Amino acid sequence: MNASEPVLMSSSGVSGSETPIQYPCLAKALHWLSAIVILWAMITGTYISIFSVSQTLKDQIAYINVSVTAVFIPVFGLRLLLRYVYRNNPVYRHSSAVKGVHLLMYFLITVVLISGVLMMHKPINIFDILSLPVPIQSRAIQGVFDVVHVWGCRTLGLIVVVHIFAVFWHRFRGESVLHKMC
């Protein structure tokens with residue numbers, strides 16, 4: 001074993017090839033943090049865009065979503081970096097289909113985060129601590145990124161549903177994959 005590779009442990013904490021392998025602890029933490037942020041932003045963002053809600057509620061949710069996702073951008077960058085660093089870890093050995101879906105998810109999350117920033121038409125207020133200037137001044141270009149953001153969110157939502165369904169499907173077939181991520 002290479003010293004830079006993490007020791008793979010079973011859920012009982014025993015190392016060895018006969019026990020199920022787990023994702024590195026930091027990868028697990030970043031996965032669940034990502035899941036919480038993405039599900040929150042998608043559910044609340046969809047809610048305020050579909051249902052008739054007060055402008056006050058829209059503004060409050062938008063403020064929270066912009067702040068949370070802005071803070072999440074470097075966290076997600078770290079997640080991508082660690083995924084690359086651990087790319088040869090046996091826990092990441094998947095079929096081409098699984099790898100493809102995960103790469104698509106990473107790509108869509110990146111598109112949604114970047115387009116979310118570039119579509120902004122007012123300064124980006126992050127928890128009233130930091131204010132970033134509008135990155136693009138052209139309303140037409142902001143509009144393009146708005147469309148990219150909306151369609152990126154919709155596509156990501158579909159892929160997230162497929163991802164969650166796959167977890168249940170594997171469990172139903174007796175191939176629990178969730179234990180690797182818990």
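Numbers run from 1 along the shown chain.
Cβ atoms here come from the backbone N, Cα and C positions, even for glycine.
Annotation comment: TrEMBL describes 23-181 as domain 'Cytochrome b561 bacterial/Ni-hydrogenase'.
Packing against the transmembrane segment (29-50) from elsewhere in the chain are residues 23, 57-58, 61-62, 64-65, 68-69, 72, 75-76, 78-79, 82, 109, 153, 156-157, 160, 181: each is 6 or more residues past its ends and has a CB under 8 Å from a CB in it. For 29-50 (among others), the entry in TrEMBL reads transmembrane segment.
Per TrEMBL, transmembrane segment is recorded for 62-82 (among others).
Sequence-remote contacts of a segment are chain residues at least 6 beyond its ends whose Cβ falls under 8 Å from one of its Cβ atoms, and for the transmembrane segment (103-121) they are 34, 38, 66, 69-70, 72-73, 76, 80, 83, 134-136, 139, 141-143, 145-146, 148-149, 152-153, 155-156, 159-160, 163. The annotation transmembrane segment is assigned in TrEMBL to 103-121 (among others).
For 148-169 (among others), the entry in TrEMBL reads transmembrane segment. Within the chain carrying the transmembrane segment (148-169), a Cβ under 8 angstroms from the stretch's Cβ atoms is held by residues 38-39, 42, 45-46, 101, 104-105, 108-109, 111-112, 115-116, 119, 177-178, all 6 or more beyond its ends.
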How does the model score the domain 'Cytochrome b561 bacterial/Ni-hydrogenase' (23-181) in terms of mean pLDDT?
93
